[in-house]
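Participant: Pasting in a structure now, in structure tokens, and then I'll have a few things to ask.
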Amino acid sequence: MYKLPQRNCADKQEYTVHMRKMGMVIFACLLLLIIFPTFGYADINTSSPLSIGQTLSSPDGVYELGFFSPNNSRKQYVGIWFKNIAPQVVVWVANRDKPVTKTAANLTISSNGSLILLDGTQDVIWSTGEAFTSNKCHAELLDTGNLVVIDDVSGKTLWKSFENLGNTMLPQSSVMYDIPRGKNRVLTSWRSNSDPSPGEFTLEFTPQVPPQGLIRRGSSPYWRSGPWAKTRFSGIPGIDASYVSPFTVLQDVAKGTASFSYSMLRNYKLSYVTLTSEGKMKILWNDGKSWKLHFEAPTSSCDLYRACGPFGLCVRSRNPKCICLKGFVPKSDDEWKKGNWTSGCVRRTQLSCHTNSSTKTQGKETDSFYHMTRVKTPDLYQLAGFLNAEQCYQDCLGNCSCTAFAYISGIGCLVWNRELVDTVQFLSDGESLSLRLASSELAGSNRTKIILGTTVSLSIFVILVFAAYKSWRYRTKQNEPNPMFIHSSQDAWAKDMEPQDVSGVNLFDMHTIRTATNNFSSSNKLGQGGFGPVYKGKLVDGKEIAVKRLSSSSGQGTDEFMNEIRLISKLQHKNLVRLLGCCIKGEEKLLIYEYLVNKSLDVFLFDSTLKFEIDWQKRFNIIQGVARGLLYLHRDSRLRVIHRDLKVSNILLDEKMIPKISDFGLARMSQGTQYQDNTRRVVGTLGYMAPEYAWTGVFSEKSDIYSFGVLLLEIIIGEKISRFSEEGKTLLAYAWESWCETKGVDLLDQALADSSHPAEVGRCVQIGLLCVQHQPADRPNTLELMSMLTTISELPSPKQPTFTVHSRDDDSTSNDLITVNEITQSVIQGR
């Protein structure tokens, strides 16, 4: 009889281990079979539908498509959300109107190529609604969060979720209208937080010129953003020239089209715009830990459309909130007292200029304008062509139907020919509005002004006489000619200033400034500019000032001095330094500015320690702020201003590191549509001057753009432009080499790498190189520059810029260079 071989203990142990391994392999295979349906698919096609419990991920893993149930209800919806972010944020829903109520459902490609959602009984719950004649299609989720249907044969995109929006916009999606084609793409709110079916609020883009964002409740306006002003919506408080706008607006009036798109919030890839079920527009971004609210509207009862009725004014800081515009009274006193302001106000005194007048100019002499500030301008506006501020006033004055006008930076002249609705008074920011009234409405205020002015004048006269007497007594005792107030010399200077149209500039006396600066003590010295030193001072009332001292030996003469006063007195912008006044005593001339605690940009940029206080985000904000200041100078101010000396030391920083362009001694201004001028006296700073200006004296908006490009590259690199000439190459050559090798991403100080986004740095280098192109025509204009910095649109490729190599003993490195062309080189120090 055959006997089985006997296994020893070692064989038994080996056999046991082997069987355990086999068991683990079998278990793993079974487990994979069980959980496989929950893995993300690459795409959806006729043979690979998406079922409940399965998901489709974008290639970068940011977005996910699948089935979800709001608040764990039995209703199933197909949606897109941010992957691995809790709580779940759904950004798009397919079957908003009709949820899946059965336990089984599939999202698949139909026989005609459309994307359809079928329940367990094969009933169609939702579809793209289009037949593409071929089932050789597939659906995939892109990195942008856009679900697309693609033809497998041609590769053509047949359908996009971005063209079928729900309540949310993602970067690169857009709200739009196309009047000829009858298209109007809007955001539509959910009915509630747990019900994605269409709610009562929509966010659309109006076909006005310029357009504005509008939230409707049903068919009625609920909130509006105010007209678009190049980089911002003018009716949103707090969004001024320093605001980094995530929006881009493109409008073609002739074609009847416009789009309102949203770009990424700088470094924050996870961001979105949504319209909530309560009718609020919100912008949110994720910092890796939680969602942060970037913007929200409406936030106040004054934000609600037509809150105070026609010709009413909603005042945010007032209770009750509604008052009538000046010259108007409540239409119904009883309703007004009850807090029902919807009927609004009516004019108290009729205008002399009537709309049915036989002549357009009738009433010009008897109607006046009342000027309001800090307002959200009314709805129902019209763009009055390409008019400057004065022409805007004259156009409205000569048109009997014009009830108000406004000249808005970034827009131009707006006029109102109908009732004024949805006018709001802000605490700060806002625009100016000029309201047409009968002259008698302003006569009372004028009489009050005359009486007040006379009283103030007499008081000042008495004070001056007393002060003059005390000053005379003091000089008699001290035998020192130190008057408290300027007399003959400053009186003469004031007369010289009158024809220069700088009457609004304050005149300081020398004694006051000497006291404020501790007699121009070296300890008060902030820095040295090309035209003289700058001192910190403190007035008697505690106000800190910066004093620019221009002696007879400085390079800035009377013409430049008057030019700086004349220009800055007319310019008002967040990114321009503010002039407080001036002073003259003998050969000395002083300019008094607001004091900016962080001095100039070069103080931080070129200091081995302080440079770490301005990380990449702060540098990017500074770049955009300077660009906005330039946009105001070149396009939005009443006069076109060419700075001609834009450089790092002329960019001052306030306590919030907001940049302000300074030093307008060399600036030139032109009116109307004049874009270019020339001069025989070429002045500026070497390295920053555009070739055509340095060689031929021709300057324009594009020569300032060139200087901005150099400035931008200096901010990125964090090195003085003079350092490169010492090394035998130029800043532009260094930047170009980096662009060719690494697209410029290695230019930023590596110590700041953690705070930067490489793509954003590279984009800024590309913009800088575009700005320093040899031919002015190859450089962007200021509007294009602003768009490049605030959007992620595709940029043109730069050409190799013209640059020269300086030797170490090159005279261009001199701090006091004055050539035969009178080119001046400033000492680069903080001011």
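From the backbone N, Cα and C atoms, a Cβ is placed for every residue, glycine too.
Feature table excerpt (Swiss-Prot):
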| type | residues | note |
| --- | --- | --- |
| DOMAIN | 43-162 | domain 'Bulb-type lectin' |
| TOPO_DOM | 43-448 | topological domain 'Extracellular' |
| CARBOHYD | Asn45 | N-linked glycosylation site |
| CARBOHYD | Asn71 | N-linked glycosylation site |
| CARBOHYD | Asn106 | N-linked glycosylation site |
| CARBOHYD | Asn112 | N-linked glycosylation site |
| DOMAIN | 298-334 | domain 'EGF-like' |
| CARBOHYD | Asn340 | N-linked glycosylation site |
| DOMAIN | 353-439 | domain 'PAN' |
| CARBOHYD | Asn356 | N-linked glycosylation site |
| CARBOHYD | Asn399 | N-linked glycosylation site |
| CARBOHYD | Asn446 | N-linked glycosylation site |
| BINDING | Leu526, Gly527, Gln528, Gly529, Gly530, Phe531, Gly532, Pro533, Val534, Lys548 | ATP binding site |
| REGION | 609-626 | region 'CaM-binding' |
| ACT_SITE | Asp645 | active site, proton acceptor |
| MOD_RES | Thr679 | phosphothreonine |
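In the displayed structure, how are the listed features positioned relative to their neighbours?
Facilitator: If you take the C-beta of Asn45 (N-linked glycosylation site) and look for same-chain residues 6 or more apart in sequence within under 8 angstroms, you find Thr108, Ile109, Cys137, His138, Ala139.
In sequence order, Ser194 are the residues of the chain that are 6 or more apart from Asn71 (N-linked glycosylation site) and have a CB within less than 8 Å of its CB.
Less than 8 angstroms from the CB of Asn106 (N-linked glycosylation site) sit Pro49, Leu50, Ser51, Leu117, Leu118, each of them six or more residues away in the same chain. According to its DSSP assignment, Asn106 (N-linked glycosylation site) is in a strand.
Cβ neighbour count for Asn112 (N-linked glycosylation site): 14 (other Cβ atoms within 10 Å of its Cβ, all protein chains included). Asn112 (N-linked glycosylation site) falls outside any helix or strand according to DSSP and counts as coil.
Nonlocal intrachain contacts for the domain 'EGF-like' (298-334), taken as residues 6+ away from its ends with a CB within less than 8 angstroms of a stretch CB, comprise 215, 220-224, 279-280, 341-349, 370, 372, 375, 379, 419-427, 435, 437-438, 441.
Under DSSP, Asn340 (N-linked glycosylation site) is assigned to coil, being neither helix nor strand in the three-state scheme. Counting only same-chain residues at least 6 apart in sequence, none has a Cβ under 8 Å from the Cβ of Asn340 (N-linked glycosylation site).
Over the domain 'PAN' (353-439) the predicted model carries a mean pLDDT of 84.
Asn399 (N-linked glycosylation site) falls within neither a helix nor a strand when secondary structure is assigned with DSSP, and so counts as coil.
In the three-state DSSP reading, Gln528 (ATP binding site) counts as strand.
With a threshold of 8 Å between CB atoms, the same-chain residues lying at least 6 positions outside the region 'CaM-binding' (609-626) that come near it are 241-242, 244, 266-267, 574-575, 601, 603, 646, 651, 653, 657-659, 661, 708, 711-712, 715-716, 718, 748-749, 751-752, 755-757, 760-761, 764, 789-790.
A sphere of 10 angstroms centred on the C-beta of Asp645 (active site, proton acceptor) encloses 26 other C-beta atoms.
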Participant: Here the binding-site residues are Leu526, Val534; which one has the lowest number of other Cβ atoms no more than 10 Å from its Cβ?
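Facilitator: Output over binding-site residues Leu526, Val534: least Cβ neighbours within 10 Å is Leu526.
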Participant: Tally the residues of the domain 'EGF-like' (298-334) by DSSP class, grouping H, G and I as helix, E and B as strand, and everything else as coil.
Facilitator: 5 helix, 10 strand, 22 coil
Participant: What's the CA to CA span in angstrom from Leu526 (ATP binding site) over to Asn399 (N-linked glycosylation site)?
Facilitator: 53
Participant: Check the DSSP secondary structure of Asn71 (N-linked glycosylation site), expressed as helix, strand or coil.
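Facilitator: It is helical.
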Participant: In Å, rounded, how far does the Cα of Gly532 (ATP binding site) sit from the Cα of Asn399 (N-linked glycosylation site)?
Facilitator: 51
Participant: Sort the recorded positions Gln528, Val534, Asp645 by C-alpha distance from Asn112 (N-linked glycosylation site) and give me just the closest.
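Facilitator: Looking at Cα distances from Asn112 (N-linked glycosylation site), the smallest one goes to Asp645.
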